[in-house]
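For 49-106, the entry in TrEMBL reads domain 'CTLH'. Annotated repeat 'WD' per TrEMBL: 218-251, 265-306, 452-478, 479-511, in sequence order.
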Amino acid sequence: MSEASPTVLGTKRLIRKHEFVKVIIQCLYSLGFGESASCLELESGISDKSHDFELFKSQVLNGNWDGCIQTLKAFSDLKEDTRAAALFLIFEQCISEYLSHGDYLKALAVLRKDVSALDVGRDLIHNLAHNILSLNEELGKNDDNIVGGSRRNLLRELEKLLPPPIIMPERRLESLVETTVSAQINSCMYHNSPGAVSLYVDHLCGRDQIPTETHQILTDHKNEVWFVQFSNSGKYLASSSSDCTAIIWEVPDDDDGKITPKHTLCGHQKQVSFVAWSPDDKKLLTCGNLEVLKLWDVETGTLMHTFGDLNFIVGSCAWFPDSERLVCGSSEPEKGIYMWDCNGNEIKAWRGTRMPKVIDLAVTSDGENLICIFSDKEITIVNVITNAERVISEEHSITSLSLSGDGEFFIVNLNSQEIHMWDIAGKWEKPKKYMGHKQSKYVIRSCFGGLNSYFIASGSEDAQVYIWNRKNSSPIEVLVGHLMTVNCVSWNPRRPQMLASASDDQTIRIWRPSLPSKMQTKKLIVFLNPFSI
């Protein structure tokens, strides 16, 4: 088969046959099937590398620098900046080898005559000149093995520079297949499982990949449940209620196990509005509604410290990554934001007469940014190291804030019945918007979740849980089961198919995917033939 053959493949006739064969040959070599690759080369008459590159490769490995330079200059369709960069690498290797053999005058001549004529930037040339002495000291002791290894390294760097058809990028077939699979995954609204996917069929997940059915109902709270949050390890769940308590729950390792209460935390005089896990999951903060903040030991359930008093009513809080510092915002104007250690010692404060009340706040996973919701409609992102600020203004009142698992995005719930997603880096001029749930009167909290935080879930005033794929503004699932407003949801960060929701109906629901088809089949068999078991 000739490489110039115009034969094309595929139903749309978009794939050149000789290129396709060449990619397969390269793949066989990279997978270690050298004999198969050689047979295919022999049968097809196609090599995975061009004849010009094979000549170039031989010249590089043999140190034939004059021939190597001439071959490089003869390559057609090579951009001049690429050619100059490749020549610089070759001259650099040439100089190194001259120095290793003590040919200082030849090395200096290459630098002055050849390198200085290249359009690669004066800094590179000056650095090479400055390093000649150190190169001499390092390479003067080189043996043939070291020089051979250096030439192979040079060849790898040149391969990265040279474009097709001179040389193909490494693992080209794998890259093409992976790009196709990634595109299919990205277009799949329900994809929620890590790991490899089958190449035998086009990838498409069903709704059984995300939590849609009630797996368990927790009824230990005696009044409305306002907040729920899984721990960072996913091994615990914490909830808070208007019954003035918070509960720490244990999450079993197996999918069929039941979540059980570990500690009931009592001590607040008012309703407990929310909780916050330390990053190491050893401590838990509980915040009373217009009251104090309490710090608890997760293992023992004992109270460790109480923050705030009548002069500083805590409205929201968050942890820094070291699990030793926390930040709290006041629900009263002018009182500001405080950073404390776990013993209540003040580390830093943002306060003043112009400081509005704090609605909600969060700290990014790297500990660099503090995100605050001020005065209902204003989002302020503060760099805690440089104190640089960025302000985002919303048109409607914000009730809550939540960060993505990777710390790159955050979402806010608005009383206009929308959820807005912003990037923390500040590259977006407008947010991505999600709609469909009901929110106009109460504080409703949403969260990121699922594999790589690809999904968003939210409570709703219509007693339902809504789930969106981040790429789609309309919900892909609406979960029915609660009897009253769903105040808060939390997605297990380590088990992407587990979701919890807290409701005014005094319950917490644990949602899991629908039963596997084999379980459904077993139920049907038992129904049709009860004596089969």
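Heads up, the Cβ atoms here are built off N, Cα and C, so glycines get one too.
Annotations in TrEMBL come from automatic prediction, not curation.
Taking DSSP states H, G and I as helix and E and B as strand, the repeat 'WD' (265-306) has 0 helix, 23 strand, 19 coil. Away from its own ends, the repeat 'WD' (265-306) comes close to residues 223, 226-227, 229, 231-233, 235-236, 238-248, 313-319, 321-323, 326, 328, 331, 342-344 of its chain (Cβ-Cβ under 8 Å, at least six residues beyond either end). Shown for the repeat 'WD' (452-478): DSSP residue counts in helix, strand and coil, namely 2 helix, 13 strand, 12 coil. Per DSSP, the domain 'CTLH' (49-106) is made up of 46 helix, 0 strand, 12 coil. For the repeat 'WD' (479-511), DSSP puts the residue distribution at 0 helix, 17 strand, 16 coil.
Counting residue by residue with DSSP, the repeat 'WD' (218-251) contains 0 helix, 18 strand, 16 coil.
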